[in-house]
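Take a look at the structure set out below.
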Amino acid sequence: MIDEKMRSKSIGPFVRQVKPLSPHMVLFVLLYVLSISVFFLTVSEAVCNLQDRDSLLWFSGNVSSPVSPLHWNSSIDCCSWEGISCDKSPENRVTSIILSSRGLSGNLPSSVLDLQRLSRLDLSHNRLSGPLPPGFLSALDQLLVLDLSYNSFKGELPLQQSFGNGSNGIFPIQTVDLSSNLLEGEILSSSVFLQGAFNLTSFNVSNNSFTGSIPSFMCTASPQLTKLDFSYNDFSGDLSQELSRCSRLSVLRAGFNNLSGEIPKEIYNLPELEQLFLPVNRLSGKIDNGITRLTKLTLLELYSNHIEGEIPKDIGKLSKLSSLQLHVNNLMGSIPVSLANCTKLVKLNLRVNQLGGTLSAIDFSRFQSLSILDLGNNSFTGEFPSTVYSCKMMTAMRFAGNKLTGQISPQVLELESLSFFTFSDNKMTNLTGALSILQGCKKLSTLIMAKNFYDETVPSNKDFLRSDGFPSLQIFGIGACRLTGEIPAWLIKLQRVEVMDLSMNRFVGTIPGWLGTLPDLFYLDLSDNFLTGELPKELFQLRALMSQKAYDATERNYLELPVFVNPNNVTTNQQYNQLSSLPPTIYIKRNNLTGTIPVEVGQLKVLHILELLGNNFSGSIPDELSNLTNLERLDLSNNNLSGRIPWSLTGLHFLSYFNVANNTLSGPIPTGTQFDTFPKANFEGNPLLCGGVLLTSCDPTQHSTTKMGKGKVNRTLVLGLVLGLFFGVSLILVLLALLVLSKRRVNPGDSENAELEINSNGSYSEVPPGSDKDISLVLLFGNSRYEVKDLTIFELLKATDNFSQANIIGCGGFGLVYKATLDNGTKLAVKKLTGDYGMMEKEFKAEVEVLSRAKHENLVALQGYCVHDSARILIYSFMENGSLDYWLHENPEGPAQLDWPKRLNIMRGASSGLAYMHQICEPHIVHRDIKSSNILLDGNFKAYVADFGLSRLILPYRTHVTTELVGTLGYIPPEYGQAWVATLRGDVYSFGVVMLELLTGKRPMEVFRPKMSRELVAWVHTMKRDGKPEEVFDTLLRESGNEEAMLRVLDIACMCVNQNPMKRPNIQQVVDWLKNIEAEKNQNNREEPEEEEET
């Protein structure tokens, strides 16, 4: 052992002074440093718990992100990985995973169950899917915060005891957020996890598909709860009084469900409650005065229920209220005077009730924070309340549909933020004064004053409007006021106006051409006036209707509040409509206009609706109308138009309504595309029209351009007709003889040598041998289930009776479909393609070969094809029961034959066929034109998707939509109007519309009013929002005992038609959901909702 003294002495010189190190000493120091580094490196590698690391690697292997992939590497300490945190214990266990908004897709693997110390898991706002692992919630028994919101997790919650790690039955979980997923099933009181979540403070499962009753037992198991959100699900039954046991509850949200019964009075004993959100249910009863005990309440929203009675008189005790929305109920009485004590109100909506009395008793001046005030569609009387002019923060106010009197006061100018103001359908007077004052509202963008100021004269002087008047006005409506005078010249100064409604007045004079100079005007209604003269050509220079780019550039920054701007349709009930949904439109119907329809109308290529009915227009229908490729409605009825209906109008693929009744038109009605679907009544009143839906033959002599004298016969003409008839018959006989001979010369094994030319009109004639023509043999694929080995064009023509009109069984975007009956009795469906498709013709053979390989039990099989000169023919399986459209809309007895099990099976079959196209078939196929007429039914009503793949076949998300292939009106996804790209999610939207057709029995365009577009979808959303989902169902399906299943399907359909394509499910999800819905009768008879009338 070395003596301490000697040791001190030996190292003393080294400490006291620096001497050059010997080589041996340098080597020693380097080795020492290296060993220390290796030691710390080994320690570093050992920081991450190996079991946790493996679990995380397994997790990363199950997820992916094209946007922001995880860069987790086993060579790096997992505690340093992005989104991962570890504790400070010797084991260095993972305690936190935070990977929100990373674009992750894939499943959540069961490996996360091995993270035994995990206290926080946040995977929100990703694209994760699939079920949650069994035992997931109870296995993670250290979890404090769980956030899986905004994903696509499906299935039931794994709420039972884990089969993995044990638990003492107590879970420290504090926050659970599973909102905005696809979860379903009931939340039962037998849940081990929820029964043991004593410290739970926040539980959010909104925007899923949970069923059963609200799990009120949670208030007993988790007395610390402060937030419960069950909104946007399918919960049913009553609200339980057990919810009152959540004594600390500050937020209770259960809106947009199927809850019924009364609001339990016990809920009004929750002293901390700040938000009570229960709209769009079927709640009934009265609002008990005990609600005034909720003195901390800031939000009370009970709209779209069946609540009746009066608003509690002491409502003013809720002095902290910022949002009070009780609209669309059956409330009666007057607005309590005490409401003025709710001085913090920002939103007050009492629209569509049965409230009455005068408004002057309410001191609105105390609402200094009020921004939105909606008292429309009640029965308020008396003077217009002047105290509203003191609400300095007001941006929108509606008093429409009441019985208010008086005049607009100059005090309205004190509302400097006012943007939306409508008081239509009241008894206001002094239009000139109102316009003089309101033009000073600098931010006013929407002004609707319809059905007021009766029989007054509109100020017409151009100088009436100041140079700075109405600087922001975009929506202007003074319809149905019976105003007199001419169209006021000062309107030319409204340079930002987009929507103008002057209908149902008594305006005289001519339509001023300067209307066509308003740069943003896309919606003009001059209907039901006494206007005379001709249509000015300048009117058809509206920039917003000439260019899609100009139309898209309109600002549309007005407030999105529902309005009624259609007073001229007195035969229908008033309906609320979003201003942004108004289609590009010109209504000039029922006036006294004369002259011709200017050819300049063809410049308005953005126009969706053109209605000129009920005038005295003469001349012909301009062929230039065919340039309006977005046109949906064209009504020229009740005029003096003559000549023929332009055949070019058949190219308007969006056209869903066409009416030329009661004119003097002549000649054949165009056939093909939508013209085969327009009703006969839309062509009546034109004695010289023939063909088409009139089913009358067109006699060439009947429409001769040479006018015959009375009782006289032109002998030259008769001689010419006789000679022509003689030579025509002779030529036909010769051709028939040649065809018979050619048929006899063709042996069955040499049928490919038969050469026949198919003309555009469907007739055929022999072609000289040796001519360079394409094959005339019909090529049948190996998947053909028919015993037909050889089939020639001649036999196909014979089977269709030369494509006779009597054999037409369908009409698609590419041409007509004929029934072909072969000699052996076999029936086929023959689609004869029409038009010039350019690139598609060059690739026709290759594309149909690809289509023939698409084999699925729910796809109409392509049996064969033929290419011959300009003719393109496809051979399909014949479906005995025709199309779904026929059974739903055309056959009067059809809907009754489609009971609920049949309709559900049709949805299941069609969705399966579409899923095959989207996910299995190679290349994937975007259908582009899913509609009820493209879903065919066999003899057992099994569904088959038809017309698939006739558009260009390329990979998903890269399919450009052309005017020929964009789809059918009513089924077209909204995003197709912004980016002309067909997508898989676009198909899902269209299929959602088909589902709504099956549920409602209505056409996609059947319920819309002249100023609304694609309204089956909007109508269904409105009915759901107003708490009346059962009322959308086909009356033939109601009270069938299947209401629960139908409501589930309705929810699925509504997800499919979501305006945001990214929020739509994929078609496989739809298939899975539909498979889980049973059609048997529901034993729980649902209470029928009361009729609600929205005036």
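The backbone N, Cα and C atoms fix where each Cβ goes, and this holds for glycine too.
Annotated active site, proton acceptor per Swiss-Prot: D929, in sequence order. Note on D929 (active site, proton acceptor): other Cβ atoms within 10 Å of its Cβ, all shown chains, come to 25. Secondary structure from DSSP puts D929 (active site, proton acceptor) in coil.
Around V817 (ATP binding site), a 10 Å sphere centred on its CB holds 23 further CB atoms from the protein chains shown. Mapped onto three states, the DSSP output places V817 (ATP binding site) in strand. As annotated by Swiss-Prot, ATP binding site applies to I809, G810, C811, G812, G813, F814, G815, L816, V817, K831, with the evidence given as sequence analysis.
Averaged across the domain 'Protein kinase' (803-1074), pLDDT in this predicted model comes to 76. Taken from Swiss-Prot, the feature domain 'Protein kinase' covers 803-1074, and the record attributes it to sequence analysis.
Taken from Swiss-Prot, the feature N-linked glycosylation site covers N62 (among others). Under a cutoff of 8 A between CB atoms, and with a sequence separation of 6+ in the same chain, the neighbours of N62 (N-linked glycosylation site) are G106, N107, L108, P109.
Residues or ranges marked as N-linked glycosylation site by Swiss-Prot on the basis of sequence analysis: N73 (among others). There are 12 other Cβ atoms within 10 Å of the Cβ belonging to N73 (N-linked glycosylation site).
What Swiss-Prot lists as N-linked glycosylation site is N165 (among others).
Sequence-distant neighbours of N199 (N-linked glycosylation site): residues of the same chain at least 6 apart with a C-beta under 8 Å from its C-beta are F171, P172, I173, Q174, S222, Q224. Per Swiss-Prot, the feature N-linked glycosylation site maps to N199 (among others); the stated evidence is sequence analysis.
Positions annotated as N-linked glycosylation site by Swiss-Prot: N204 (among others). In the three-state DSSP scheme, N204 (N-linked glycosylation site) falls into the strand class. Around N204 (N-linked glycosylation site), the C-beta neighbours below 8 angstroms that are at least 6 residues distant in the chain are S149, V176, D177, L178, S179, K227, L228, D229.
The N-linked glycosylation site annotation in Swiss-Prot covers N207 (among others). In the shown protein chains, 19 other C-beta atoms lie within 10 A of the C-beta of N207 (N-linked glycosylation site).
Following the DSSP three-state reduction, the secondary structure of N258 (N-linked glycosylation site) is strand. Sequence-distant neighbours of N258 (N-linked glycosylation site) (same chain, six or more apart, CB under 8 Å from its CB) are D234, F235, S236, N281, R282, P1029, L1047, listed in sequence order. Swiss-Prot lists N258 (among others) with the feature N-linked glycosylation site, giving sequence analysis as the kind of evidence.
Of all the Cβ atoms in the protein chains shown, 15 others lie within 10 Å of the Cβ of N430 (N-linked glycosylation site). Per Swiss-Prot, N-linked glycosylation site is recorded for N430 (among others).
The Cβ of N616 (N-linked glycosylation site) lies under 8 Å from the Cβ of N592, L593, T594, N639, N640, each of which sits 6+ residues away along the same chain. According to Swiss-Prot, the N-linked glycosylation site annotation covers N616 (among others), on the basis of sequence analysis.
Residues within less than 8 Å, Cβ to Cβ, of N627 (N-linked glycosylation site) and separated from it by at least 6 positions along the same chain comprise G602, Q603, K605. According to Swiss-Prot, the N-linked glycosylation site annotation covers N627 (among others).
Here the Cβ of N640 (N-linked glycosylation site) has 13 other Cβ atoms within 10 Å, regardless of which shown protein chain they belong to. Residues or ranges marked as N-linked glycosylation site in Swiss-Prot (evidence: sequence analysis): N640 (among others).
Taken from Swiss-Prot, the feature N-linked glycosylation site covers N714 (among others), and the record attributes it to sequence analysis.
The annotation phosphothreonine is assigned in Swiss-Prot to T792 (among others).
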Residue from I809, V817, D929 whose C-alpha is spatially nearest that of T792 (phosphothreonine), among the recorded positions: V817
Within the repeat 'LRR 18' (518-542), residues counted as helix, strand or coil by DSSP: 5 helix, 4 strand, 16 coil
Between V817 (ATP binding site) and Y876 (phosphotyrosine): CA-CA distance (Å): 10
Those residues of the chain, 6+ apart, with a Cβ under 8 Å from that of Y916 (phosphotyrosine): A854, H856, N858, L859
D929 (active site, proton acceptor) versus recorded positions N73, N207, N430, T800, V817 - nearest by Cα: V817
Helix, strand or coil at T792 (phosphothreonine) [DSSP, three-state]: strand
Sequence-distant neighbours of I809 (ATP binding site) in its chain (C-beta under 8 A, six or more apart): V817, Y818, K819, A829, G882
Nearest of the glycosylation sites (N73, N207, N430) to T800 (phosphothreonine) - Cα to Cα: N207
T792 (phosphothreonine) CB neighbourhood, other CB atoms within 10 A: 21
Three-state composition of the repeat 'LRR 6' (223-246), taking helix and strand from DSSP: 5 helix, 6 strand, 13 coil
For the repeat 'LRR 20' (604-628), the number of residues DSSP places in helix, strand and coil: 5 helix, 5 strand, 15 coil
DSSP three-state assignment for N73 (N-linked glycosylation site): coil
